[in-house]
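Notes to accompany the following structure.
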Ligand code: GAP
């Protein structure tokens with residue numbers, strides 16, 4: 001089995017075993033691509049949200065946050081283009097009766113070519129050792145160049161065919177590349193068809209009077225339709241932004257890869273309203289700002305890359321993804337889109353209301369242009385969780401699993417552990433718990449040996465363990481153990497709040513952006 005698959009399996013099983021993520025409705029055998037967040041997952045997710053909200057809303061004087069409803073007027077989705085164009089190209093395998101996204105089949109084929117490319121590079125790096133010049137090798141090695149050219153030609157043809165809605169050519173491409181059903185090996189394919197991803201539902205008491213609605217497939221439209229309300233009540237001048245965190249729903253066909261592609265998920269989106277003609281400058285700025293926000297998490301610069309879109313969505317004049325190196329390779333984590341005035345103009349047309357801004361400097365009215373940043377909360381969770389999950393071999397040869405989360409994001413900030421369940425130690429520890437709980441999410445644990453308790457806290461990413469022993473009763477000190485180094489030091493109880501706060505507070509994380 002490939003190493004990547006092992007890593008991914010470990011991520012999924014660790015997430016379940018330690019209360020981060022459970023398959024939804026599991027006692028009824030689950031629902032595909034729907035997941036529930038457990039006690040530690042909910043904390044981690046809330047902390048990620050806070051990191052985003054504070055960075056976008058709290059730190060930016062000209063960005064405000066809203067929380068719009070999931071149910072929205074159905075015409076919104078006509079105006080936004082989702083009714084007509086929010087489709088995925090589908091293909092069925094006639095033998096296995098399984099359904100696939102045609103573009104994903106081709107992209108997966110290209111990923112395999114990329115794997116071969118990477119293997120060539122790894123082999124050469126081993127062969128040449130310290131003398132290896134990666135940039136030079138990649139630019140000159142005939143095999144690598146051949147793989148790269150092949151991949152680029154395939155992806156470019158796919159992008160063009162999708163752009164032109166030439167689905168027959170997408171099928172032709174699949175046949176020419178001899179792509180088979182990954183599970184059965186069959187190459188017996190149907191034609192490629194478009195499939196709308198929105199979930200329908202109904203609003204109303206009786207069947208005849210009910211209105212057809214959609215569950216929102218993105219949170220962005222809730223921002224667009226509130227643009228006038230927010231601009232008037234906040235009295236912000238352009239440029240200004242509206243941010244939102246909320247659920248979105250998509251009837252995804254390829255729902256694999258755990259929480260990477262879900263049918264119910266959360267987005268953290270921000271629409272930045274700017275004067276026409278300035279959007280591309282703001283777009284470039286937001287690309288940089290958002291990458292820096294990710295980098296501050298400390299997951300490693302090499303794990304990120306930009307991917308500029310060849311095929312632009314129906315609303316964009318420029319678009320890029322920030323891709324992350326997930327356990328199954330580089331994939332989209334966040335989208336940054338220059339959405340022009342498409343959405344606001346479309347809502348003007350469909351609603352009959354004027355959605356304009358009077359620019360006192362230009363002395364004119366216009367529909368603002370929009371630069372959007374949109375990151376999937378669950379994808380970000382997966383990026384952080386999978387990168388921080390590590391198996392370590394310790395000096396004494398024993399092993400531990402540690403989740404080295406950025407401390408501000410850790411579900412539990414400190415565990416308070418009486419060494420034994422007697423002699424007044426639990427009562428002493430309880431006092432510390434009752435003091436720290438007002439500032440941090442802390443837990444009290446007295447079951448099992450201290451070593452086992454340390455390991456359990458390492459596995460959920462708790463940055464500090466506080467051990468209360470018999471000396472504590474006499475000198476009011478405790479042993480503070482650091483998750484990452486496993487170093488231990490004796491500190492006065494009165495110092496605990498300061499030491500923990502310095503490490504886990506959001507200021508420490510936010511000031512790295
Ligand atoms: N408003 C723009 C928009 O929705 P998108 O690229 O379709 O753009 C933005 O989605 C982000 O939402 C993606 O970069 C991804 O992180 C996340 N996302 C999209 N579909 C998802 C799914 N099915 N499951 C989890 N996250 C998803």
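Every residue gets a Cβ built from N, Cα and C, even glycine.
Keep in mind that TrEMBL annotations are predicted by a computer and have not been checked by a curator.
Site annotation for substrate in TrEMBL covers 101, 265, 266, 267, 268, 269, 372, 373, 374, 375, 376, and the matching candidate from 146, 152, 218, 323 is 218.
Listed binding-site residues: 250, 373, 377. Those with a CB atom under 6 Å from ligand 1: 250. In sequence order, 218, 219, 220, 245, 246, 247, 248, 374, 375, 376, 377 make up the list of same-chain residues 6 or more apart from residue 267 (substrate binding site) whose Cβ falls under 8 Å from its Cβ. Here the binding-site residues are 375, 377, and the one ringed by the most other CB atoms within 10 angstroms is 375. Within 10 Å of residue 250 (ATP binding site), judged by CA to CA distance, lie the following binding-site residues from the set 101, 265, 269, 373: 265.
Cβ contacts within 10 Å of residue 333 (ATP binding site), excluding its own Cβ and spanning all protein chains shown: 22. With respect to residue 373 (substrate binding site), the closest of these binding-site residues in Cα terms is 333, chosen from 252, 261, 263, 333, 379. Neighbour list (residue 379 (ATP binding site), Cβ cut-off 8 Å, at least 6 residues apart, same chain): 259, 260, 265, 324, 332, 333.
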